[in-house]
Amino acid sequence: MVDATSQNIGMRIGAQVARRQRLADAVFRAATQSFAVLVLILLGGAIVSLTIGALPALQAFGPGFFLDPTWQPPKEIFGGLAPIYGTLVTSVIAMIIAVPVSFGIAIFLTELCPPMLKRPVGIAIELLAGIPSIIYGIWGFLVLGPVLQQTILPFLKATLGQLPGIGFLFSGVIYGQGIFTAGIVLAIMILPFITAITRDVFETVPPLLKESAYGLGATTWEVMWKVVLPYSRAGVVGGVMLGLGRALGETMAVAFVVGSAIKINASLLAPGTTISATIANLANSNPSQLLDSALLALGLALFVITFIVLSLAKLQLMRLQRKAGS
């Protein structure tokens, strides 16, 4: 009788524990689902608010707003091509500079760096990633811009500016502020991000693979090119695309050094602007509903560009993963 009673009590306690666990699981599931839905709501809300705010400009200028380089606030004529062009060109310059340098630093840290230097260099890279963008901007404006104006930019104009086909990119009056300067500042900003991710990805390569290649007589370059990069290319592509995403949306640093000229210049040495710099510079200017709408339309364009870039990166990662799995 006692055993039966004890068994019943144990069963009731077990049932209560099971109910509490099911309730906890249900609450946890509902909480996590609500967080995921909240992200979708915020994303959808941003898209809807940008679209609604951009409607007056799109109704006034049509889809051609994104292809028109004209920007004349006194006449309330606005076109978004110049900021879009500046955003894309500065990001391309930044990637051309930052990606090879980041790869070189990552290779040095994982394959060639003496143990006593590996940690200090790694910490320095992480510190660079933590510097506020406005510090990069004021440094670029007060230090880098004048140095480039007096040294590197005249050299580029005297050499590359004389070459057929690309000479127009380095022609005209030399300014300390411009598209090229903004690209260099962006490259310095995204370099630690790409370097840190690439280094971490390279360190995931099994040592046995590299040691086998070295045992067959491969050089460090051959090991990196034929063993490490193929093994880690999915992560490398992801890191590069994250750096590109940051370059596309950077605001304060670019606003200091790009020149804030809302026009398209063929020369990279001339002042220009980007979407984020234009929004930052004009958001608090003289109130105008059409100007505000044009800025929101530029924000929508930046959102779409970033979304396309990250989507293409995701598709590329999926393709590489499928290829690696097969």
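Numbering starts at 1 and runs along the chain as displayed.
Backbone N, Cα and C atoms are what each Cβ position is placed from, and that goes for glycine too.
It should be emphasised that the depicted structure is a prediction, and the values quoted were computed from it without experimental measurement.
Lifted from TrEMBL, the feature list:
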| type | residues | note |
| --- | --- | --- |
| TRANSMEM | 35-62 | transmembrane segment |
| TRANSMEM | 82-109 | transmembrane segment |
| DOMAIN | 84-313 | domain 'ABC transmembrane type-1' |
| TRANSMEM | 121-148 | transmembrane segment |
| TRANSMEM | 168-194 | transmembrane segment |
| TRANSMEM | 251-270 | transmembrane segment |
| TRANSMEM | 290-313 | transmembrane segment |
Given pairs 6 or more apart, does the transmembrane segment (121-148) have at least three Cβ pairs under 8 Å with the transmembrane segment (290-313)? no
For the transmembrane segment (35-62), could you work out the same-chain residues 6 or more beyond its ends whose Cβ comes under 8 Å from its Cβ atoms? 68, 78-79, 289-290, 292-294, 296-297, 299-300, 303
